[in-house]
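Enquirer: Taken from Swiss-Prot, the feature domain 'RNase H type-2' covers 27-226, and the record attributes it to sequence analysis. The divalent metal cation binding site annotation in Swiss-Prot covers 33, 34, 127 and rests on sequence analysis.
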């Protein structure tokens, strides 16, 4: 594939895209990726990373975050922090996702993450779909988190950052077991939603969450009516 006269090859190794772009004076190259698109609870986290020229020697274990175990991801995260020339993260709350929609939140977050980098990139590589508005040239790379080093690095930073947030949320909402499933749809998460209804960290615009919210409201309404009915027999007015 050629882009602006630069030959970009998927089989050139994990650092191939960056080497080619830097060789043609288009660097530094920033990679952007996100974590949490498929979750129904918790934030969307977007990361942007520019790797230092010598990063290759420090990132032998770098790969798409989804291919790494949680323990190895945490270790690779520290490697990326040491090897990054610049990095940034943007955390978009569940409430903001409900307000603007997932796609808009994701696109806006990517732009903000790139804008917050301490070093201005000359080129931006994104994972999967094209994004305009970075202020510099950009290219979408299909499965970029598997074939482009800076995108893989961004995927690790986004995933580890979000996982840490979800573990922290678990201490506030232990009944949902966020530390285990990280807000994604699992049988255990669905059972917790059915049992407890959604909390403030759930994305209320999502169909499965909205359904449980409606069921919970109905159940609470029935319980309230029952309580008022019972207490009325005893001549007591209860305000709930």
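Every residue, even glycine, has its Cβ placed from backbone N, Cα and C.
Given the structure is predicted, the values throughout are model-derived calculations rather than measurements.
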Enquirer: Using a Cβ-Cβ cut-off under 8 angstroms and a sequence gap of six or more, which residues of the chain neighbour residue 33 (divalent metal cation binding site)?
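Expert: When sequence neighbours closer than 6 are ignored, residue 33 (divalent metal cation binding site) has 46, 47, 126, 127, 144, 145, 151, 152, 154, 155, 158 within Cβ distance under 8 Å.
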Enquirer: How many other Cβ atoms are found within 10 Å of the Cβ atom of residue 127 (divalent metal cation binding site), counting all protein chains shown?
Expert: 24
Enquirer: Indicate whether residue 127 (divalent metal cation binding site) is helix, strand or coil by DSSP.
Expert: strand
Enquirer: Quick check: with 33, 34, 127 left out, which same-chain residues have Cβ atoms within 8 Å of the centroid of the divalent metal cation site Cβ atoms?
Expert: 32, 35, 46, 47, 110, 126, 128, 144, 145, 151, 154, 155, 158
Enquirer: Between 0 and 100, where does the mean pLDDT of the domain 'RNase H type-2' (27-226) sit?
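Expert: Average per-residue pLDDT within the domain 'RNase H type-2' (27-226): 93.
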